[in-house]
């Protein structure tokens with residue numbers, strides 16, 4: 001039997017992530033915002049500060065951060081119905097992932113009795129929307145915290161880790177970093193790796209798609225993912241110093 005034709009990458013090798021760019025301060029109504037591009041995938045992230053504590057955080061010494069995720073109807077090749085079901089399984093799973101990832105980066109004690117909402121909306125989807133949302137959410141939080149510091153509303157920088165994310169997968173027997181949509185469709189295993197820019201692991205999500213893989217293959221995916229997050233953050237972090245919107 002002839003093996004299936006694997007997607008060919010244009011302009012990058014198997015271990016090179018797609019170019020990442022970000023613009024801060026793109027929403028004049030939000031106290032923190034960012035528009036992030038990762039290849040053809042685009043995410044708009046905004047931060048809102050609510051003066052109400054999350055129910056489970058009442059009386060605690062720190063605030064809470066929660067995330068929401070949504071895809072525009074024409075973010076994909078074919079129009080999909082606008083999301084109205086708050087119990088959508090995939091959406092709920094991604095929102096929990098985003099919340100955990102972004103909370104790991106923040107000292108929330110300055111936000112006692114308050115709740116931070118990070119909204120991530122997919123404008124264009126070409127694979128990796130959840131990892132791009134982690135990056136966009138982190139950029140929007142950076143924008144938010146920078147504005148609070150500059151306005152005197154905060155005295156100490158509350159972001160304790162620069163957190164990023166990347167997808168890694170096995171396409172045939174080849175390990176590839178930052179899968180686009182065509183690669184994601186045929187991957188026999190893929191992981192979403194969330195880590196800090198110093199190489200500390202935050203979360204791993206994913207597994208085998210087309211049958212079991214070996215422990216060695218999983219370990220290689222994980223190690224490559226953590227290293228690739230550091231590569232992406234080296235490209236992204238300097239851009240966070242520039243406010244290009246408001």
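For all residues, glycine too, the Cβ spot is worked out from N, Cα and C.
Predicted, not measured: the structure shown is a model, and the values here were computed from it.
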Can you find which of 79, 82, 84, 90 Swiss-Prot lists as binding phosphate at the same site as 128, 129, 130? 90
Range annotated as region 'Disordered' - as stated in Swiss-Prot, picked from 1-33, 34-66: 1-33
Taking the center of the Cβ atoms of 90, 128, 129, 130 at the recorded phosphate site, which other residues in this chain have a Cβ no more than 8 Å from that point? 69, 94, 122, 125, 127, 131, 132, 133, 192
Cα-Cα distance, maximum over 90, 128, 129, 130, record's phosphate binders, Å: 14
Please report the number of other Cβ atoms within 10 Å of the Cβ of residue 90 (phosphate binding site). 11
Enter the number of other CB atoms within 10 angstroms of the CB of residue 130 (phosphate binding site). 22
Would you please pick out, from the binding-site residues 128, 129, the one with the fewest other Cβ atoms within 10 Å of its Cβ? 129
